[in-house]
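Engineer: The active site, proton acceptor annotation in TrEMBL covers 445. Taken from TrEMBL, the feature FAD binding site covers 50, 114, 143, 144, 145, 313, 319, 320, 321, 322. Positions annotated as NAD(+) binding site by TrEMBL: 180, 181, 182, 183, 184, 185, 186, 187, 203, 272. Annotation comment: TrEMBL describes 41-46 as disulfide bond. Under the heading domain 'FAD/NAD(P)-binding', TrEMBL lists 3-328. Per TrEMBL, the feature domain 'Pyridine nucleotide-disulphide oxidoreductase dimerisation' maps to 347-455.
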Ligand code: FAD
């Protein structure tokens with residue numbers, strides 16, 4: 001065999017798996033169809049979206065908060081071209097970082113489209129038309145996902161766009177309609193709303209960020225409304241089509257039973273992503289898909305073919321970069337004979353709007369459905385000295401604990417820097433801490449983290465100090 005292991009796809013699942021395999025002494029190859037490493041996350045996902053979120057938030061702060069801070073700015077404006085260029089620079093820097101890590105770990109990177117010839121043989125079809133074939137003891141599928149386009153929506157990549165194009169526009173839209181009130185739509189909607197775009201969201205269900213604790217979606221909706229977002233819930237888009245640079249969207253308000261027509265200069269389709277296994281030749285290796293088109297895996301992330309594993313967006317579970325990374329490390333350690341473990345209940349979900357939104361563990365809705373007895377404690381950022389000082393008073397931290405044992409079952413928060421704060425919830429729950437345990441730990445003052453301590457105090461016999 002040419003390699004001990006070959007990883008197909010260089011996203012956060014694939015490249016992290018490759019590093020861990022190499023660290024553990026496996027002769028490792030990584031195949032990537034694009035000329036840049038890092039996958040969706042680094043090139044058209046997590047990183048570029050955060051770069052634009054940061055730039056637009058700086059502008060928004062300058063426009064709406066600087067004066068209150070006593071800072072005068074004259075001639076404030078936006079150089080959107082520069083903003084996009086900076087985002088590209090951030091991505092490039094990270095691409096180089098991953099390339100460096102591949103070299104450092106002596107991983108053979110093959111650029112080209114990978115496909116199975118049989119269960120131990122992979123073919124790489126390169127851009128110049130040439131092909132390379134090699135054999136591998138084990139193969140890891142980490143081919144990720146692609147955006148879903150709904151029927152009736154004519155995706156032209158210019159005006160009817162997905163997140164990929166929304167990160168590379170050459171102008172700021174005047175009016176942007178977003179189909180889907182999930183994480184990706186709201187993050188990119190925030191970027192443009194802060195830059196002055198009129199943003200309206202059309203959502204099929206009755207709330208934002210479905211899947212997260214309902215209280216978070218409600219608060220996020222209230223804040224985004226203040227920023228000018230418009231929402232149409234229980235509304236199903238039936239068509240979207242560009243005519244003379246105008247996108248015409250038709251939708252059906254399912255509650256009122258009437259149809260709706262909206263016009264915009266851009267329409268962002270963000271209704272979810274589908275696992276990407278196109279032309280991978282899975283049939284040549286005998287690898288099975290499940291009923292939703294994902295590569296079917298068992299609890300060890302092993303497919304129905306013994307030496308083939310799959311990780312990340314292409315398998316079941318949350319489509320998140322850090323979930324893909326955990327799975328990458330899991331597979332490498334498993335094949336090295338170790339006993340790795342992933343607690344899927346404790347993979348945090350985060351939305352990088354401002355305020356940020358984050359949650360981990362059980363939601364109240366899940367506990368209610370299970371009939372489990374619980375208690376909650378909440379603390380509003382309005383009562384946090386740190387939040388008042390930085391004028392970030394929207395939001396709260398909510399802790400859910402078992403009614404009898406006080407074990408923390410879930411933490412849900414919306415507020416400043418909660419994307420970072422949520423890690424405290426993960427650590428606490430991994431160690432099965434009680435709300436009282438956390439409430440008795442010293443949290444530096446003044447920090448946003450005090451809101452977690454206070455919420456834990458609130459969950460422990462209503463003892464919050466500053467509420
Ligand atoms: P991917 O990152 O999709 O990588 C798969 C790679 O495989 C790609 O590079 C692809 O080119 C390559 N590939 C596919 N088929 C082949 C083939 N046959 N041969 C060779 N190469 C192939 N997640 C978060 O956790 N936090 C965030 O803030 C976040 N923000 C996001 C923002 C946006 C706009 C989007 C779209 C996604 C975001 N995500 C975020 C989700 C995150 O990007 C994915 O969960 C993550 O990238 C999945 O990693 P992966 O390794 O499974 O696949």
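Placed from the backbone N, Cα and C atoms, the Cβ positions cover glycine too.
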Engineer: Could you check the binding-site residues 184, 186, 321 and say which one's CB has the most other CB atoms within 10 Å?
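Structural biologist: Per the Cβ count within 10 Å, the most buried is 186.
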Engineer: When the domain 'Pyridine nucleotide-disulphide oxidoreductase dimerisation' (347-455) is classified with DSSP, how many of its residues are helical, how many are strand and how many are coil?
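Structural biologist: Going through the domain 'Pyridine nucleotide-disulphide oxidoreductase dimerisation' (347-455) residue by residue, I get 39 helix, 33 strand, 37 coil.
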Engineer: If I restrict to non-local contacts, at least six residues apart, and a C-beta distance under 8 angstroms, what lies near residue 41 (disulfide bond) in its own chain?
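Structural biologist: Same-chain residues close to residue 41 (disulfide bond) (Cβ under 8 Å, separated by 6 or more) are 11, 12, 47, 321, 324.
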Engineer: Counting other Cβ atoms within 10 Å of each Cβ, which of the binding-site residues 180, 182 scores lowest?
Structural biologist: 182
Engineer: Taking Cα atoms as reference points, which of the binding-site residues 50, 143, 184, 186 is nearest to the residue listed as 'active site, proton acceptor'?
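Structural biologist: Minimum Cα distance from the residue listed as 'active site, proton acceptor' across 50, 143, 184, 186 lands on 50.
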Engineer: State the mean pLDDT for the domain 'Pyridine nucleotide-disulphide oxidoreductase dimerisation' (347-455).
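Structural biologist: So the average pLDDT across the domain 'Pyridine nucleotide-disulphide oxidoreductase dimerisation' (347-455) works out to 98.
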Engineer: Consider only the recorded positions 46, 180, 182, 186, 203, 321: which of them have a Cβ under 6 Å from an atom of ligand 1? Write none if no residue does.
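Structural biologist: 46, 321, by Cβ distance under 6 Å.
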Engineer: With the NAD(+) site defined by the record as 180, 181, 182, 183, 184, 185, 186, 187, 203, 272, how many Å span the farthest pair of C-alpha atoms?
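Structural biologist: With 180, 181, 182, 183, 184, 185, 186, 187, 203, 272 as the binding residues for NAD(+), the largest Cα distance is 15 Å.
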Engineer: Whole-number answer please: how many Å between the C-alpha atoms of residue 186 (NAD(+) binding site) and residue 319 (FAD binding site)?
Structural biologist: 16
Engineer: I need the CA-to-CA distance for residue 180 (NAD(+) binding site) versus residue 145 (FAD binding site), whole Å please.
Structural biologist: 17
